[in-house]
Structures are given as structure tokens and as C-alpha cells.
Amino acid sequence: MAVEMFYDDDADLSIIQGRKVAVIGYGSQGHAHSLSLRDSGVDVRIGLKEGSKSRAKAEEQGLTVGTPAEVSEWADVIMVLAPDTAQASIFTNDIEPNLKDGDALFFGHGLNIHFDLIKAPEFVTVGMVAPKGPGHLVRRQFVDGKGVPALIAIDQDPKGEGQALALSYAKGIGGTRAGVIKTTFKEETETDLFGEQAVLCGGTEELVKTGFEVMVEAGYAPEMAYFEVLHELKLIVDLMYEGGIARMNYSVSDTAEFGGYLSGPRVIDAGTKERMKAILADIQSGEFTRRLVANVENGNTELEGLRKANAEHPIEVTGKKLRDLMSWVDRPITETA
């Protein structure tokens, strides 16, 4: 089914310019949204808890900062860009008591709405504007007069103005310059979670670690294994990002292409596909979200345990040593402190 696309001419910037926008959170997306909206002539305030390290940064960039409750009371459009696991609490304690008839509640990701962790009053417009790129790219493209494609969705529309408002907001951050795709909270949430778990984060990570283990257990040097299964992954991903799988296969050697065709299906086979379907089913049923919420309620104990085990994998030790040799690699703070 063809998606519905919107561009600059389909959006009226004056709609969002006539509203007061509170952006809850000042991370990667919050920073990009708020600065770009401000530069588009929108009245913006940032909602951050007392003591947040981001307060000084936002104020240095000329933005007005208040608590989430204060800016929610002031605003008539509230964009929630805090971490997924913090949103329900912020909504209950700070946003919901300050909602008024005619307000709009927007999100950058649909998880909390789709799985009913947040239930907005019926008089509130509920929508989503989600750029398909990290915040620094959204901001850089906006400043350069370009844009990053974005998604919009409307879950609740008591006044029939949700889509026009979402498009106006998307235009304010540069999304309509590139193109905006209309979707649903269900589709955005489930596809996003599946991509993260089965391919981008979970699947890729386990493929890399297992490849490393196979090579080291076969007697190859850990350094050689690291280069072949992790370091060179960026070269392949960049080619796919720029021109798809066909561009990647065109760009690598015939040996690599031929070997990939023969061996790829031996690694990712019909059984893998069935397990991926099971992962999707867990997402669709809400099972993953229930486990996510339980982890938060238990003090993140499951997540911290998984993080610790992952950090102790031998590929991390080898990788840190090799990255010391790579002056061109941006080192994370945890490795340079």
C-alpha cells in the first residue's frame, strides 16, 4: 500500500507559529526540535526537572526553561521527548494536571500511547511528529535549509485539527522540506521496536559477537577477528545506507559478493525468520512492553545485569585496545576519561 506523503506546500507554518510549544526533554531530539521551532518563529519553552544538567545548556542557547509542570501549564502544544520509560510518570505528575481544552499532546515515538501507558483526556489532540534521523542531523539539515524525512500520526483528534497541526510542527523543524509520511501510532511503534530488536541492535550485535567467538575459538587472533566482523561493518553499512543492498554488492569485490550470496542464507535461514516473527509477535502483543515496564519498576535490575554481561564480552576488551590505534575514531567519554 502506497504511503501518503506531504511536503512544504502541504503545511501551513502559521498554525504552529500561533501556538505555544513546550518541549519536554532536551536530549538529542529535544535540542533539535526546540532550536528549529524557535528559528521558525515559534514560541518555545523547555521542560526539565530541577537539577537537570541540560538546563544550563538550554539557557545558554537562549531558550526559556521551566519544570515540566510549569511549561505544560503555559503551553497549548506539548511535545514529549523524554525517554520512553520516564514519559508515563512525567505525564501523570506534571502534564495531565495542566491539560486544558484545545491542548495538543505530541510525541516523537508512539510506545506510551500505543500500549496505553499514557491515556490522554478526550478533549486533547494526541499526535506524533518523528524525524527519521538523530537530533544532530535534524538540526544540521534545518540550518542548511534542508530537512530530514519525518513521520506524523494522529491518535486522538477531538477538534479535527490534528493533521494540520502535526504538519505545521513538522514544517517548523524542516521535515516537510524532505517529505513527511503519514502513519499510525501502531505502525510506527511496532516497526520501530522490531527494527531495533531483530536487526539494528539485537540482531546485528549478536551476529558480530558470534562471528568474533567463532574466529577466536578457531585459533585466529582476537585482533584479526575484531577487524573482520566489527570494524569493517561500518564500510558495508555506509554503502547500504547510501544506495541500498545493490550498491553494496556492486562496490565490494566479486569474491565478497559471491561468498555473501552462498553463505548469508546459511547464517540467516528459515528458522531465523520464524524466530524474528516470534519477536514481532511479542512486540505486537505488548509482552515486550510489559517486560520493559517491569524492569523499570524493579529499579532497572534486569537491564543493568544485561549491560554488565555485555560489557564483559572479550570483543569489548579487544576493541578498546585497537581503537587506541585509530586517531580518526571519535572515542566515547567512557574510554577517554
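Here the Cβ of each residue, glycine as well, is placed from N, Cα and C on the backbone.
Copied over from Swiss-Prot, here are the features:
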- His109: active site (ACT_SITE)
- Tyr26, Gly27, Ser28, Gln29, Lys49, Ser52, Ser54, Asp84, Thr85, Ala86, Gln87, Gly135: NADP(+) binding site (BINDING)
- Asp192, Glu196: Mg(2+) 1 binding site (BINDING)
- Asp192, Glu228, Glu232: Mg(2+) 2 binding site (BINDING)
- Ser253: substrate binding site (BINDING)
- 3-183: domain 'KARI N-terminal Rossmann' (DOMAIN)
- 184-329: domain 'KARI C-terminal knotted' (DOMAIN)
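Annotation for the binding-site residues Ser54, Gln87, Ser253: lowest Cβ count within 10 Å of the residue's own Cβ, Ser253.
Within the domain 'KARI C-terminal knotted' (184-329), the DSSP-based counts of helix, strand and coil residues read 123 helix, 0 strand, 23 coil. Here the CA atom of Glu232 (Mg(2+) 2 binding site) lies 33 Å from the CA atom of Thr85 (NADP(+) binding site). Taking CA atoms as the reference points, Asp192 (Mg(2+) 1 binding site) and the residue listed as 'active site' are 9 Å apart. Taking His109, Glu196, Glu228, Glu232, Ser253 as the recorded positions under consideration, the smallest Cα distance to Ser28 (NADP(+) binding site) is found for His109. Taking the C-alpha positions, the distance from Glu232 (Mg(2+) 2 binding site) to Tyr26 (NADP(+) binding site) comes to 33 Å. Here the Cβ of Glu232 (Mg(2+) 2 binding site) has 11 other Cβ atoms within 10 Å, regardless of which shown protein chain they belong to.
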